[in-house]
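A quick write-up on the structure given underneath.
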Amino acid sequence: MSKTNQNLTIDKVIDNNNNIYLLKLLMIGGDVCSKNGISMVEKFLKHDKNLIQVFDDYDSTDEYINFKMKLNEFSSIDTSNSINNGIIYSENNKNKNNNNNYNYNNNNYNNNNNNNNNNNNNNNNNNNNNNNNNNSNFKIQIQIKDLSDCYCDLKIQTIPSCFYRGIHGFIIVYDINDHIAYNNIPKWIEEINSFSMKNSKIIVVCNDSNSKTPNFSDSSSSSSSSSSSNIIPLNKNTKNKVVGGVGVDPILANKLFQSLSIPHFIVSVDTNENIKMAFNSLKTLIFENNPLFQFFKLQGDDNNNNNNNNNNNNNNNNNNNNNNNNNNNNLNYLNNLNNLNNLNNENNINNNSLNNNNNNNNNNNNNNNNNNNNNNNNNNNNNNNNNNNNNNNNNTYNNDLKTNKKSLEIKKHNSNIEKKEVKQNIKDKKNKNKNKNACTCNLM
């Protein structure tokens, strides 16, 4: 019998403004427990933290075990931008009034430029946070109903058909020493195909706690082992007869399920071997082949594309603002250079070295403009270049001010020397006049 024509639906709940979609799994088959009586689901969810890395939180009530996880198919953007809040101030606070005004303008220039860069970086961080918030709104809550060992053998027909409806994935389990549960698997598959809905997936899990996972590539050893022992391979004509000491050949079982295109896993509830792989395999099958989950994935990708387009538009606007700021900064820079030239002229400082510095600064401004044009496609790089340009301008200002201060100190020193010489000459003349007057008095 084929599966029902009804399509699978996904129930949606709202929790803290997040859309949570319910993914339902049903576990059926024989009794699969560890030596301590712990079921495979409990072992997977509760007793090994290494096996629940993909899950946020979970709770268990009676036969239901629920846990939440983020739908990891949605890509997320996590970009951290380094923000340079450092502002370089001039140390020449003891200069004349003109020099202090020059420092004040220079500090305002740096403050404005750094504030603009910080605003642009904050805009980028806000856009990235919006992307992460949009992605986190899509979550999947997985609901597992464990009916293994509740309905087996003659009671298999007593399971109501409503148990199969709305189930996205089925886990058929059996123990390697329980040939009855193994031989009932064809009935379970037939039941699932009869009552389940489209796009539902099946995996078969065998619990083998006595030995390690066999090598399925060794086909020769499997035929010899099956002939030398009372192992019953699975087929639809096998009768459910209890045979003492009979087990299941996992290699033959694996070949059979491969022919049915059903994934088959050998796990160990005692050692946790392959348990995580089995659950994740079923989750992947459902996500990759179910058009409903593909729709949510595409919807999430569209949201990310829209957010990226908005980020690009914001980056372009930020680049335009940066260009305007750079133009204003260049004008302020030229005005500051003119103030420095006037100050040097008033103090009779040689203008040749200062003019050379101005030419170098003009070249730096041209390079800054080229860098700004090249960095329009990347706002973060543009902000970093602006900070570097500010540092270069500050260094140039400081060098010019140091030169000016040194020249003023030299002039002041020379002036003091000249004053001392003049005072000494006046003192010498007075001494000579006193000596002359003394000589005249003696002669009289």
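Each Cβ is built from the backbone N, Cα and C atoms, and glycine gets one as well.
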Range among 51-58, 251-258, 291-298 that Swiss-Prot annotates as motif 'Effector region': 51-58
Swiss-Prot annotation of region 'Disordered' - which of the ranges 193-212, 213-232 it falls on: 213-232
All-chain count of other Cβ atoms within 10 Å of CYS439 (S-palmitoyl cysteine): 9
Cα distance (Å, whole number) from GLY29 (GTP binding site) to CYS439 (S-palmitoyl cysteine): 140
Three-class DSSP secondary structure - GLY29 (GTP binding site): strand
